[in-house]
Amino acid sequence: METTRNELNRNLAQMLKGGVIMDVTTPEQARIAEDAGACAVMALERIPADIRAAGGVSRMSDPAMIKGIQEAVSIPVMAKVRIGHIAEARILQAIEIDYIDESEVLSPADDVYHIDKREFDVPFVCGAKNLGEALRRIEEGASMIRTKGEPGTGDVIQAVRHMRTMTKQIRELASLRDDEVYEAAKQLAVPYELAKYVHDNGRLPVVNFAAGGVATPADAALMMELGAEGVFVGSGIFKSGDPAKRAAAIVQATANWRDADLLARLSENLGEAMVGINEDEIETIMAARGE
């Protein structure tokens, strides 16, 4: 039964492939995201830029706020829990959330263990900086992987770094002889079966999205170019001058990332982008949480 549920959740996540998932804090924002063509929304009380600016401990959002967003849209709704916080995940499952993101954006509840996601019916999303992290989260039951990037910055450099690292490691593993996969699994600290899957198929066994710092249609197209199968956009939309227009442009750019002429048109007159933070100005590196 567990295997069947795991396969079902992975298939559900595959249905989001090629789409854009947007952070929203109100039902109105959720409707803007849905109208723009988002394949799902991430419900949270504060977008990552505000979480970073406010500091302090950040926790799961109020279930009443999440329910308001669930009622406002017909597309899937995701919500975040702290790394390792089993009770928060149970609460989200109880309110019938569509996906749970065990997220480094929130303050970690456990600095050693992640949630055993196989104990839940709802599919989980997890972040990763490299292939080892991704496969460890998948072994725990994650149905979807995203780059960690550096959320709330508007700077895409870490998402690029994480996606390039992951795709390079996948290529390297796929190129090994069969009898070298055991040693590779040991070095990655992952089960042999998962390493063998990547070796045989040249990809992760789950869908792999980009997240962290995506703020423009060009950013979204870049991440697709580098191997992402979809994009999360957080602060980049509702911290910009024209959220509705920018949201629609990013959705179209993600779906048509090879069309440079269209990308040029989509990038025109979008209003001011979020101000952002350069990588070397960041005080708290969220991507380092939960390896």
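Even glycines carry a Cβ here, placed using N, Cα and C.
Under the heading active site, schiff-base intermediate with D-ribose 5-phosphate, Swiss-Prot lists Lys80. If you look up Swiss-Prot, you'll see Asp23, Gly152, Gly213, Gly234, Ser235 marked as D-ribose 5-phosphate binding site. Here Swiss-Prot flags Arg164 as D-glyceraldehyde 3-phosphate binding site.
Its own atom aside, the Cβ of Asp23 (D-ribose 5-phosphate binding site) has 28 Cβ atoms within 10 angstroms in the protein chains shown. Closest by Cα distance to Arg164 (D-glyceraldehyde 3-phosphate binding site), from the recorded positions Asp23, Lys80, Gly213, Gly234, Ser235, is Gly213. Around the Cβ of Gly234 (D-ribose 5-phosphate binding site), the number of neighbouring Cβ atoms within 10 Å comes to 29.
Cβ contacts within 10 Å of Ser235 (D-ribose 5-phosphate binding site), excluding its own Cβ and spanning all protein chains shown: 25. The sparsest Cβ neighbourhood within 10 Å, among the listed recorded positions (Lys80, Arg164), is found at Arg164. Other C-beta atoms found within 10 angstroms of the C-beta of Gly213 (D-ribose 5-phosphate binding site) number 29, with every protein chain shown included. Annotation note: Gly213 (D-ribose 5-phosphate binding site) sits in a coil segment as assigned by DSSP.
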